[in-house]
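Asks: TrEMBL lists B:50-70, B:200-224, B:236-256, B:277-301, B:326-344, B:396-419, B:425-445, B:457-475, B:495-513 with the feature transmembrane segment. As annotated by TrEMBL, domain 'CBS' applies to B:552-610.
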Protein chains: 2
Amino acid sequence: MEDLVGLREGSSGSPVALQELWGPCPRAQRRIRDFLERVKKQLFRVGEDWYFLVGLGVLMAIISFAMNFVVSRVVHAHMWLYREIGDNHLLRYLSWTVYPIAMVSFSTGFSQSITPSSGGSGVPEMMVILSGVILEDYLDIKNFGAKLVGLSCTLAAGSTIFLGKVGPFIHLSCMLAAYLGRVRTSAVGEYENKIKQNELLVAAAAVGVATVFGAPFSGVLFSIEVMSSHFAVWDYWRGFFSAICGAFMFRLLAVFNSEQETIASLFKTRFRVDIPFDLPEIFFFVLLGFVCGIMSCAYIFCHRQYVLFLQRNWITKKLLATDKPLYSALVALVLASITYPHSLGRFMASRLSMNLYFNSLLDNRSWALLSRNSSPEWPQEVDPQNLWFEWYHPQFTIFGTLCFFLAMKFWMVILATTIPMPAGYFMPVFIYGAAIGRIFGEILATIFPEGIKTDDGVINVIIPGAYALAGAAAFSGGVTHTISTALLAFELTGQFVHVLPVLMAVLMANAVAQKCQPSFYENIIIAKKLPYLPRVRGRKLNSYQVTAELFMNPNITTLAKDSTLDEVVKIVTSTEAVEYPLVESEESQLLVGMIHRAHLLPLLQTEPATQGSKHQWRLHEVLTGGCPVEPLTLQLSPQTSLHQVHHLFEILKMERILVTSMGRVVGFISWVELKKAIAELANPPAPK
Amino acid sequence: MEDLVGLREGSSGSPVALQELWGPCPRAQRRIRDFLERVKKQLFRVGEDWYFLVGLGVLMAIISFAMNFVVSRVVHAHMWLYREIGDNHLLRYLSWTVYPIAMVSFSTGFSQSITPSSGGSGVPEMMVILSGVILEDYLDIKNFGAKLVGLSCTLAAGSTIFLGKVGPFIHLSCMLAAYLGRVRTSAVGEYENKIKQNELLVAAAAVGVATVFGAPFSGVLFSIEVMSSHFAVWDYWRGFFSAICGAFMFRLLAVFNSEQETIASLFKTRFRVDIPFDLPEIFFFVLLGFVCGIMSCAYIFCHRQYVLFLQRNWITKKLLATDKPLYSALVALVLASITYPHSLGRFMASRLSMNLYFNSLLDNRSWALLSRNSSPEWPQEVDPQNLWFEWYHPQFTIFGTLCFFLAMKFWMVILATTIPMPAGYFMPVFIYGAAIGRIFGEILATIFPEGIKTDDGVINVIIPGAYALAGAAAFSGGVTHTISTALLAFELTGQFVHVLPVLMAVLMANAVAQKCQPSFYENIIIAKKLPYLPRVRGRKLNSYQVTAELFMNPNITTLAKDSTLDEVVKIVTSTEAVEYPLVESEESQLLVGMIHRAHLLPLLQTEPATQGSKHQWRLHEVLTGGCPVEPLTLQLSPQTSLHQVHHLFEILKMERILVTSMGRVVGFISWVELKKAIAELANPPAPK
């Protein structure tokens, strides 16, 4: 063996001579080998995990693409069945409804049977994890399969169920990242492992969004805005790197699959470039943002009320506890019956898929003006060149269908989001917003058929598609409390000409929504009773005045070095803390470090009375035996302000900090205390 | 007076009756007044400073626009003079050179005579300020005028000097923000004032970029990337809000001034939308990114070397110390002589202004292919429709001119950046990068005159303008170590179709540049010897193992409560610290709080021996007299890792933290110690 190593290394001595006889140009070979060795060393240093980031991006892109591919085939099959089944209304109705019902029930049953935590979007849970809480098993790789299969079925149910894939993809991507992170050579200590894991998760969230839309910029920004309150520029770069790998791979696969000729935007728009809009239209864009803000508040409010209703009503409570697939099937039946194209579905363009919905709403022609000149027939099948035929109804007109769509989808989306299966809640909101914008734009186009400013003879017709774009960005921005939805809208369409009006609409919607309601994801966190730290906004000035001593918990159990083992056993058995602060002596309470319960227990248990006097031993005598005392890296003083404490908790992702005064332990602050203090900040308790 | 108040309030009693007699609909009036009062209260709460953000954005936009307006007039006048002066070569040469020399000397002299700190870009100083260091007077409003006038003159010197306005605008905007912040009702304490000030400054930096380019997205992101290592999402929203106000106002003014018909992008490109590029071109884009990365390293390296040369060489040293305007004039003379259009300037398109340079380079036609079919004359004046005529020379061809431009501008830009006057260093880099990309694209277009993939009969000609865009983003990204330059390129041009290739080029350039060189701004910080905290990247794993006790400074002077005043006087006079830690007793060294030197001195001075025994008094007896002891909010333990310490310093923007062990003060860590520790991390000292 040693000989072989010697040969391979070829450093000196006879093996080299041997090797020189074997290969041509031994020197050049050696040099190349050295060079490669050096490159390898440079690239694959410990701590540099760019190859993980590439792997993560590429894998997620392949998964996303494969899922799209499978789902589109299944949806095609459904459409084919629906078409070929003939004119019998009952059969048609059945073929329309049974399919999504089966898909949704299977999705619910399958995912819930494997892990209950695979349902839902996954974004709220990721928010909680990234704020420092450890949710057991939530990032376990066994969820991966359940979520993947479940999500595919959800998407295969098509636009009947009207759900997307962004949220679950963030979750999938994070699971994959956590798995890859565990595979990787683990770093030195617990603390750095946690930091590394966090870095990977932040990048993974960006990859999740980027591989769904093929949009790296908004992927990174959206995940930052939703996930964290603070971020490091270093994480942001890593996110970009990973997201671009994912987005590139995703679009590349589309080219290889001959869906597109080259890497291009998913939804191409053809808005005018020279004069995309007249100046006064800015006002209407901002107004649209205001409307979207109000609508998003209403949406969040109704969603919360409905979730509370589900939790309170005994029928639904029982159904959701024991027969989740049944609940899903019932909801799917309602949704599918309503969208049946030969009944109400006719008035809400229900034959369109999710992508076609968005595509049709971005049309830069005004349907209202088009339908004045011609009244097209309802085609037998969806006409990809004239998607607006789906929205047109001779009696209802396009205003009727759009209004009906908005009215019905409002509660249908809320209903759909309560199905306990893997599904994304962003895309429906995005499309709903586009519909709001579309109707707004169509109304404007009807009022000003020749554009707004016509005094100089040039006619700039109003483009309702631009309003649809702004509406989508504004409504989804209001619901999720983010601004980067504006960037997403541009990245999806490949045109940047409406940057100012769309951004203003999104800001307006955010201003309204953030004032009145928590974000959609925070809503779910509250409903699911997940641990969560409310935000302290800069405007809450009195958060500077409340100091730690006013809201810390002074009832802290400490272990003193000079206490007897009997006392220690009593303390450990009577409390359930994970770790105890170790103090110098009972009297002085000078903080020394932390002891983990898990380390302490064996010491107390495994040596039962080797000497009769053992229970009279002092703790410090036992500690020298091998129980590690962890040093404390950070302590607060009683004078630290609430604002600063909150800041530290958010940034350092901590769950508990000790408060010391002149070295003495005087209390601790955990999320519980902090939450209470923040709540009191908003509603100060009445002075007694 | 009281009557009047009563009348106005109209709450009860006879004044109401009076008022009711006076006005119509008194009830409605009162209700409206109440409503307005409530709205006002809602909008203008303390802590909510959105009106400052609006004001900041709008003011900066007006300033930016006004400056553009004035500068363009002055440049026009220069061009007119140059044109009208006839064919006398000497006169022409003089009119070409004297103008920029005068402008630059005046700019240097004026700004330096008012405040020496108004020279340069201002970005490095802002980086230092935002990392927590207080640079005295740097944000003083008296710099504002100096910088404003100086910058206008610099820009009026035109493309001869080849400098921009981004950096100074960030500085101007921050000065304005600091001024507005001082005007505002000041918040409660010092700590929150500092935080509020910081929030405003971060938003102001975004406004600075946004109002120069009219680009809100990249304004916010660029300022984030350049300015800080950590970022709060809350600040990011405020930045967006302010930046959009600025960008909107800036573009609105352009419309009102009839420069543009509506709010649109500054540089419009007309790239193909359907198939913007063939797939294999991605490879060339990445290669371009690599080339730009290398070039940016060379640029940063040469810049540093030249600055060092200036500091060492005794002639330049003396010149820069005493006769700054003379140095500026000499440099301007060199630059203007070279760019004189009838000599070397002919080969580097020197008649173009900065904007026209960029515009011409983005041309989507291939000049190499165009010049095959026709060889245009050099026009008497710049032809706005065919800017490429400027780049064409019958013997040199466009490759010759582009290469010459790159070779000459490389050192000319470096030379120009050393002139001690207010000037931005981003735009020249951006245009230089565009030229690199242009020549790259032209070579490709010559090699593949019919596009790369021609097997399916469709010809997709290569667009050199897209490479120019990618080159601009990649080179400027490499020089400044940012990714958001990609977004800036899209926002400037209004087209998003090349998002993936450009982003990949930028990432590649960043990977190369960040590996080899500090950023351009860090370079200046080092050259100017400003305090600065080097970054610890995630890859430096051993930063987790070095603990505070290994690099903290144990030589800390403390004041004990039980020490005599004599001792205190001795300590205070022998050291120069701004604040001293107060400990319980000489012996125990238990930390109590901090005492400011400024608070302590009057106590020691103003009571000279009222009683003979005063010098035997103990410190704590004096302290009760009125010297405030500030509580310490945060302490480190000797076991805190370097990584964590660095993290805390960066996030909390601190300059000094005390290290305590069991309540005892054992040392402190300031930037000095941290820097040394980080330096040792990279080059561990040889074990003795």
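Note: Cβ is positioned from N, Cα and C throughout, glycine not excepted.
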Asks: Looking at the domain 'CBS' (B:552-610) alone, can you tell me the average pLDDT?
Replies: 78
Asks: Per DSSP, how many helix, strand and coil residues does the domain 'CBS' (B:552-610) have?
Replies: 20 helix, 16 strand, 23 coil
Asks: Would you say the transmembrane segment (B:277-301) and the transmembrane segment (B:425-445) are touching, if the rule is that at least three C-beta pairs must lie under 8 angstroms and be 6 or more residues apart?
Replies: yes
Asks: Should the transmembrane segment (B:277-301) and the transmembrane segment (B:457-475) be scored as in contact, given a threshold of at least 3 Cβ pairs under 8 Å and pairs 6 or more apart?
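Replies: Result for the transmembrane segment (B:277-301) with the transmembrane segment (B:457-475) is yes.
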Asks: Any residues 6+ beyond the ends of the transmembrane segment (B:200-224) with a Cβ under 8 Å from its own?
Replies: 49, 52-53, 56-57, 60-61, 63-64, 126, 129-130, 164-166, 169-174, 176-178, 180-181, 231, 235-236, 238-247, 249-251, 254, 265-266, 424, 482-485, 487-488, 491-492
Asks: Sequence-remote contacts (6 or more beyond its ends) of the transmembrane segment (B:457-475), Cβ cut-off under 8 Å?
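Replies: The answer is 269, 271-272, 275-278, 281, 284-285, 288-289, 292-293, 295-296, 358, 361-369, 429-438, 440-442, 444-445, 448-451, 485-486, 488-489, 493, 498, 501-502, 505-506, 508-509.
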